[in-house]
């Protein structure tokens with residue numbers, strides 16, 4: 001805004017004033033300076049923490065399919081994907097540059113590390129910069145040194161998921177063995193380290209966005225965000241990802257963001273600005289099951305990535321963590337197997353039941369059991385966690401079980417004076433049915449900040465994802481765990497986001513002239529809403545998922561390369577939308593370089609030309625406008641739809657004839673509430689435009705009030 005990094009310098013220099021502002025102080029005297037877009041408080045954002053590409057039909061049996069987007073998109077050749085995250089482990093084979101052509105001449109970036117063991121550039125990893133001035137002012141202790149090297153693993157994992165090269169025989173301690181690969185394996189990558197020890201400061205994030213845009217990135221992948229949705233859209237220009245991504249979008253750079261891990265509750269989705277692609281997390285058809293055998297011969301299915309096995313022909317005594325508490329610990333802490341809370345005299349040689357919860361990391365519970373002399377651990381879900389179980393690389397034989405199984409376990413333990421059990425070794429299981437489903441942790445809509453835009457946009461694989469990792473720490477990130485691995489298995493919308501970033505890179509390579517909105521539209525309108533049994537996608541608790549969980553559906557990359565029609569949005573389209581939100585021409589003048597004026601009567605926010613339709617407050621009736629652009633062959637598209645329950649819906653016209661590529665046609669969707677069917681909250685429908693070959697799908701969500 002008005003000069004490279006100018007407002008960032010203001011943010012850094014005035015950090016102390018910004019703290020006063022956040023406590024309710026007055027306005028800053030430089031806020032009206034022509035080179036300053038906005039002055040905002042510095043806030044902290046959190047990181048949102050192989051099989052997936054085959055599961056999305058881009059390959060089968062290790063072979064690239066003829067219609068794969070990999071072939072159409074040339075594996076992302078010479079596209080540049082930038083990552084704002086915790087840095088990179090450059091020695092990973094996912095970033096080797098063997099056989100790659102010289103760096104594209106348009107690239108302006110570089111690797112700026114001067115510290116010992118800093119990150120060097122090559123023809124694959126073409127940029128590495130760090131930003132920590134804001135973090136040094138607010139939390140200096142978390143900045144280990146001035147470098148771009150990843151000491152946490154999060155940034156390396158997400159970057160290799162988006163654009164890592166093919167690496168055979170990759171695994172985590174033998175699990176998920178196969179060829180690791182990113183979505184756009186021939187893309188170039190650039191790293192902007194803006195996160196330190198899991199937190200990312202406002203000014204550092206904005207500096208990272210500006211540097212990535214200036215250097216020449218085509219796609220920016222962002223797997224972090226604020227803890228909770230913004231209070232309202234008026235604070236848009238005070239939130240780093242929202243502002244930085246708008247700056248990038250205006251310059252033609254696609255931004256993909258994680259939707260957050262506060263699910264499965266509604267109104268938890270973050271990074272919900274309409275100019276970013278917001279991604280939810282779904283499962284793949286791979287699992288890591290083991291078996292828990294009890295002394296009464298009953299068996300339970302668990303899940304784990306444990307590093308060692310118990311003797312298969314022997315049962316071991318069972319004890320609850322709560323029954324082994326040391327005098328200095330509360331029963332609640334011992335129940336969660338908190339560090340230093342288990343009595344070795346009571347635990348030695350036994351399998352300990354630890355209840356998930358509290359502030360104790362799951363792997364740390366196992367470390368506590370091991371240090372107390374336990375031989376194994378059963379990690380039991382509490383009632384709030386239900387059936388959401390996750391595989392972890394435990395330091396001892398362990399399994400994680402659902403709440404339902406946990407109740408059965410407790411009943412058995414109370415029925416005998418000498419409860420005993422054994423845990424079988426885990427295995428890798430493929431072809432798991434009812435996949436994908438929505439991860440329990442994946443944040444849901446509607447967006448309380450901006451209910452006029454349906455978020456998240458799409459879902460993508462985000463559970464038990466194998467990708468490159470730092471060798472600075474263990475894959476468990478527990479200091480006492482001395483194991484190291486070049487690859488790790490992680491879960492989160494953080495892992496889902498770079499899957500879509502990789503697809504965006506492939507679309508950029510296949511269609512260099514497409515705008516970020518056109519690429520997002522292609523991904524959204526071709527997504528799937530069914531699992532691998534043909535049934536509707538479901539939540540982890542078995543309930544049918546809605547667009548608030550998955551947006552338009554689970555991403556289907558091969559279809560996205562040829563969507564037929566797209567919904568495009570220009571920068572002026574976003575500016576007009578901001579006018580509808582209440583921003584003024586003056587507010588937007590610096591972003592638009594003074595070339596945009598708000599209309600005298602801004603259109604309804606529902607009229608933003610988005611690939612989905614959201615009506616958060618339908619009163620009697622409403623007409624929504626949309627515009628489609630042909631990106632395929634000439635053809636005739638006909639509309640079909642399923643109206644949301646209790647809503648009358650029509651489309652006008654029902655036929656659109658496109659005679660050439662690039663041609664645009666408008667249509668209207670009219671919705672009206674049925675008085676006898678009000679009060680059900682949000683209801684869901686869909687609209688499909690088809691020429692018999694392409695199916696351009698849009699979810700419709702309506703909240704009919706009267």
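Numbering starts at 1 and runs along the chain as displayed.
Cβ atoms are placed via backbone N, Cα and C, with glycine included.
What TrEMBL says about this protein:
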ACT_SITE  85  active site, charge relay system
ACT_SITE  154  active site, charge relay system
ACT_SITE  494  active site, charge relay system
DOMAIN    76-536  domain 'Peptidase S8/S53'
DOMAIN    339-408  domain 'PA'
DOMAIN    607-702  domain 'Subtilisin-like protease fibronectin type-III'
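Note: the domain 'PA' (339-408) comprises 20 helix, 15 strand, 35 coil (DSSP; helix = H, G, I, strand = E, B). Taken through DSSP, the domain 'Subtilisin-like protease fibronectin type-III' (607-702) splits into 4 helix, 61 strand, 31 coil. A simple way to gauge crowding: the CB of residue 85 (active site, charge relay system) has 28 other CB atoms within 10 angstroms, across all the protein chains here.
Here the Cα atom of residue 494 (active site, charge relay system) is found 8 Å from that of residue 154 (active site, charge relay system). This prediction places the mean pLDDT of the domain 'Peptidase S8/S53' (76-536) at 91.
Calculated from their C-alpha atoms, the gap between residue 85 (active site, charge relay system) and residue 154 (active site, charge relay system) amounts to 7 Å. The most densely surrounded of the active-site residues 154, 494, judged by C-beta neighbours within 10 angstroms, is 494.
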